[in-house]
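K.L.:
Sharing the feature lines straight out of Swiss-Prot:
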DOMAIN    38-262  domain 'Radical SAM core'
BINDING   53, 57, 60  [4Fe-4S] cluster binding site
BINDING   97, 128, 188, 260  [2Fe-2S] cluster binding site
């Protein structure tokens, strides 16, 4: 199988436009060649520092400038975070992800975050954090603490990005991804559907991800969760078939990545999620909350995966 980093927008758009059965057939064939299609990797996500963010991401309820009812909190204590990690492991999660609503981490907080990472690793779990923009030295410190994955999404295409965020550039995001990669940390990077973008923008997001020097090890695909008080409240919801198409094209263009169903899954039917798994999704977030928005209950996920004959890893 040839791994490519030279996808054109026209090629990706042609994949998105394929007849649905043909697209799923191609994606499923690649998925089976690279993974056991019965396995789903489970991650749990915890907000270790909520709200008060100075950024203006139009989808985000944690932005300080939007009145969304999210109260700003301080960075959690290490022992409280590790208690949550133990509970996540007991529930079946193999990776514990920690998110902080920062533009970038302050040096005074790095020691605490590194201690959290070390504690999660000591539990025998994979660790992931999302802390905003990083310097090269901060990325190295996280690596030294044992960090496995760093999440930093591109969100949308380079062309549409300015309609969603003005407080950091696309190049800022790419620079952080380069620091993470140079430090030897696995990259978790994806995007969000339902921001008002067009099909060309969705193709542009895939091109930006698939043409990185190395494909992300993890690619979260989110459907916008609309929150009252954010500028994107009232957007047209993403069509289910269009969402599945993006999962399939992510699988085709990034064969060895874990493609994760992320935000927005609570609103999906079991049948929609089954189509996503058929199209190549093989990771989900587990637990009733993703940072500040809802997520399916663990019992519902276990029941669905059991019905589908799939297993957690």
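Including glycine, each Cβ sits where the backbone N, Cα and C put it.
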K.L.:
In whole Å, note down how far the CA of residue 57 ([4Fe-4S] cluster binding site) lies from the CA of residue 128 ([2Fe-2S] cluster binding site).
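P.N.:
About 22 Å separate the Cα atoms of these two residues.
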K.L.:
With the cut-off set at 10 Å between Cβ atoms, which of these binding-site residues ends up with the most neighbours? Options: 53, 57, 60, 128, 188.
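P.N.:
Neighbour-count leader: 188.
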K.L.:
Cα-Cα, whole number of Å: residue 53 ([4Fe-4S] cluster binding site) versus residue 188 ([2Fe-2S] cluster binding site)?
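P.N.:
That comes out at 21 Å between the alpha carbons.
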K.L.:
Given the binding-site residues 97, 260, and counting only Cβ atoms in the protein chains shown, which has the most within 10 Å of its Cβ?
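P.N.:
Output for this query is 97.
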K.L.:
Could you tell me the C-alpha distance between residue 97 ([2Fe-2S] cluster binding site) and residue 60 ([4Fe-4S] cluster binding site) in angstrom, no decimals?
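P.N.:
Roughly 18 Å, rounded to the nearest whole number.
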K.L.:
Rounded to the nearest Å, what's the C-alpha distance separating residue 260 ([2Fe-2S] cluster binding site) and residue 60 ([4Fe-4S] cluster binding site)? Just drop the number here, would you?
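P.N.:
Residue 60 ([4Fe-4S] cluster binding site) has its Cα 19 Å from the Cα of residue 260 ([2Fe-2S] cluster binding site).
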K.L.:
Can you name every residue in this chain, apart from 53, 57, 60, with its Cβ inside 8 Å of the center of the Cβ atoms of the recorded [4Fe-4S] cluster site?
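P.N.:
Apart from the listed residues, the neighbours are 55, 56, 59, 61, 62, 63, 101.
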K.L.:
Rounded to a whole number, how many Å is the Cα of residue 57 ([4Fe-4S] cluster binding site) away from the Cα of residue 188 ([2Fe-2S] cluster binding site)?
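P.N.:
Here the two Cα atoms are 19 Å apart.
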K.L.:
Rounded to the nearest angstrom, how far is the Cα of residue 188 ([2Fe-2S] cluster binding site) from the Cα of residue 60 ([4Fe-4S] cluster binding site)?
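P.N.:
Between the Cα atoms of residue 60 ([4Fe-4S] cluster binding site) and residue 188 ([2Fe-2S] cluster binding site), the distance comes to 19 Å.
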